Amino acid sequence: KMPLKVLSALDSAKVQYYHFRAIIVAGMGLFTDAYDLFCIPPILKLIGRIYYEREYHEVANDGSASVTYKKYEIPPQVLAALLGTPLLGTAIGQLVFGRMGDRMGRRSVYGLSLMLMVLSSVGCGFSICRTDACVLSSLGFFRFFLGLGIGGDYPLSATIMSEFANKMTRGGFVAAVFSMQGFGILASSIVTMVVAKIFEAGSNNLRVNHTPEHADIAWRLILMFGAIPAALTFYWRMLMPETARYTALVENNVMQAAKDMEKVLDVSMSQIAEDHPLPEYAPSYPLFSKQFFRRHGIDLFSCATNWLLLDIVFYSSNLFQSQIYKQYLHLDQTNVYREAFKVALFQTIVAIAATIPGYWVTVLLIDRIGRRKIQMMGFFCMALVYFALGGSYSYWRDPKNQDNKGFLVLYGLTFFFANFGPNTTTFIVPAELFPARFRSTCHGISGAMGKLGAFFGTLGFLWASKNHEDDGNLPTIGKMRGALYGLGVVCLLGMVVTYFFTRETKGRSLEENENEEDDYELRVFRCCTNPARRSNTNSSSRGLASG
């Protein structure tokens, strides 16, 4: 059947101002997500100093002398709760808002998710009380709702951008939305460094083992600053029309879709309006029906599994920074604000040298190389780096080798190949494979599986770093080496799943990618015998079937 004119116009539309505005508006949710994730490490340093200062006394073996020292460690169970609560909220948000996006429309719930993020970010800064239990309980409460808003933004932003973009640059546009995370990381680190320097300059007689009371204000300000960019884009988000694909294919209102696109794209109504009224399209099967799984089960399995495996690795890498702080930054030799500054400075270096370049290499190459190849390459290179980190971990742990920064270079490469690889492609592909009436829901399911992986990655890392040796509270070499090898194996598993089950979506319209008329048995046969040919599944399957 012939495609609708308005959808054909979208697929062939030249790049114009509206596309770039949509990238900024849609990307602010991802900006806030990254800001929240990467401002937490220095904030945890501040919270540990404020609420978990403990004095210890050591007596010499002969009983002649006593040494008093302080520790500022947040208990593992509290740390797990602070890190796990927003992950739970994000997973729920992806499922709930993803489904709402398909039932109520992308635009109608888009502003709700952003406003939830803004209000929750401000709420985190106003966490009540001054006791550790009360403050951290209220912080966890607001971070849950922050995760809920962030989770809702994932499927909506990806779906909206994919439905507005043309088919030749769609991957680059959706990747550009996701790359706003890089600027969120950079912003969180810069804000933390500025706030830390201002508070340090305003402090009198600041000592290494003294935490001033106004440090309790500093971490709150850092959290609240993250709400500002998202709040500034709320107005523009409300002006965005509903996507033409949702209006035409789900609401069956082709004329309204044409009117909406005439307002934002450089096309005339005569080019996109249908010549004759079209009959309403009645969906032939519901979500999670036998026919749904027959047509889309492989794609949903691929998207969800790859995202789960990626987040196990990605969130473990973020947590692994705590070990680098202890070994390379010498945080026990500085005051509270300089400690937060050093952590934020390290994150800034990683973002500029590895994270942001990884995002933008993907933006430039994804519509040339394709999603599938980039995802396999990223998983494979990450596996190599993790095996190298694990194999040389005892060498880098030796105090004699700590001036050698090779370990930090390898660590930065994990972020480069995550972003020039599966961290970006797992966000893009679910927004391209499924029919319009299921697109946001299936993206949300895939993302929620990713957050399940993040939860397992967090628990696994906390287990690996639980038992300590005497050398500066670093984890045992054996456990950490095993954890790094395990992350490498997870990456190889992601590469295998991508090779056998992930279809290429480059250069094809969303309607071609939907796979609505494919022969399932033929797809399974070809996926198991020659996965590289899956890029042309829709067109060739009909020819083979008829032949």
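From the backbone N, Cα and C atoms, a Cβ is placed for every residue, glycine too.
As recorded in TrEMBL:
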{"type": "DOMAIN", "residues": "22-506", "note": "domain 'Major facilitator superfamily (MFS) profile'"}
{"type": "TRANSMEM", "residues": "20-44", "note": "transmembrane segment"}
{"type": "TRANSMEM", "residues": "78-97", "note": "transmembrane segment"}
{"type": "TRANSMEM", "residues": "109-128", "note": "transmembrane segment"}
{"type": "TRANSMEM", "residues": "140-161", "note": "transmembrane segment"}
{"type": "TRANSMEM", "residues": "173-197", "note": "transmembrane segment"}
{"type": "TRANSMEM", "residues": "217-236", "note": "transmembrane segment"}
{"type": "TRANSMEM", "residues": "300-320", "note": "transmembrane segment"}
{"type": "TRANSMEM", "residues": "340-366", "note": "transmembrane segment"}
{"type": "TRANSMEM", "residues": "378-396", "note": "transmembrane segment"}
{"type": "TRANSMEM", "residues": "408-429", "note": "transmembrane segment"}
{"type": "TRANSMEM", "residues": "441-463", "note": "transmembrane segment"}
{"type": "TRANSMEM", "residues": "483-501", "note": "transmembrane segment"}
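Most Cβ pairs within less than 8 Å of the transmembrane segment (378-396), among stretches 140-161, 300-320, 441-463, belong to 300-320. The transmembrane segment (140-161) shares more Cβ pairs under 8 Å with 441-463 than with any other stretch in the list 173-197, 408-429, 441-463. Counted over residue pairs separated by six or more positions, the transmembrane segment (441-463) shares at least 3 Cβ pairs under 8 angstroms with the transmembrane segment (78-97), which defines the two as touching. Long-range contacts of the transmembrane segment (340-366) within the same chain: residues 38, 41-43, 45-46, 171-172, 175-176, 178-179, 181-183, 185-186, 188-190, 192-193, 196-197, 200, 218, 321, 324-325, 329, 331, 334, 374, 411-413, 415-421, 423-425, 428, 506, each at least 6 residues beyond the stretch ends and with a Cβ under 8 Å from a Cβ of the stretch. Looking at 20-44, 78-97, 300-320, the range that has the most CB pairs within less than 8 A of the transmembrane segment (109-128) turns out to be 20-44. Across the domain 'Major facilitator superfamily (MFS) profile' (22-506), the prediction's mean pLDDT works out to 86.
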